[in-house]
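In TrEMBL this protein carries:
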type     : residues : note
ACT_SITE : 51       : active site, cysteine sulfenic acid (-SOH) intermediate
DOMAIN   : 9-172    : domain 'Thioredoxin'
């Protein structure tokens, strides 16, 4: 099936459109995105231990994503019917109420389009020798542009707070022409975008400080970030 592999996606790529069955009914992905941001995250199979904890965590944090105009959508390489039983376990174990859709991708069609398949780890295959879907995260903006791609090993659970932090960084940066430094959380100082010249920066950020000609910090209260919703 190697010849079916799509061209790998990169940051800035347009998210491929697709039609699929989900636990909330059929979707056209671009129509699903609409004018919102989307976090798409994949799982190799239903009833897997690490993924069970992840979906519960995403379900609990969904209100925070919703406040920021972000939709969540999961994917697992099983049928929608299988997903339904798994969701019951997820809610029981985590105390959540999972309502966002999970794509049924038993044929790995979406996984191939998004290059979510495990290419090199020959041990990570199903009983038929078909590569499992790897555990990927895509943040997609309202223009259908991919803004973040993460891939996790099977042994390591994802960090939902980090996904939310990146959403805050991207949305705040788009609005205020800033970038965010290491370990930034909303309310911390930010970096003035390199494209903003000093004369303009004095107007936009009266309290900015020049550390180096290429590094300028400015306060940005949490109330001015996308976390203040």
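Every residue gets a Cβ built from N, Cα and C, even glycine.
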Nonlocal neighbours by CB distance (under 8 Å) for residue 51 (active site, cysteine sulfenic acid (-SOH) intermediate), same chain, sequence gap 6 or more: 43, 44, 45, 76, 135
Predicted model, mean pLDDT over the domain 'Thioredoxin' (9-172): 90
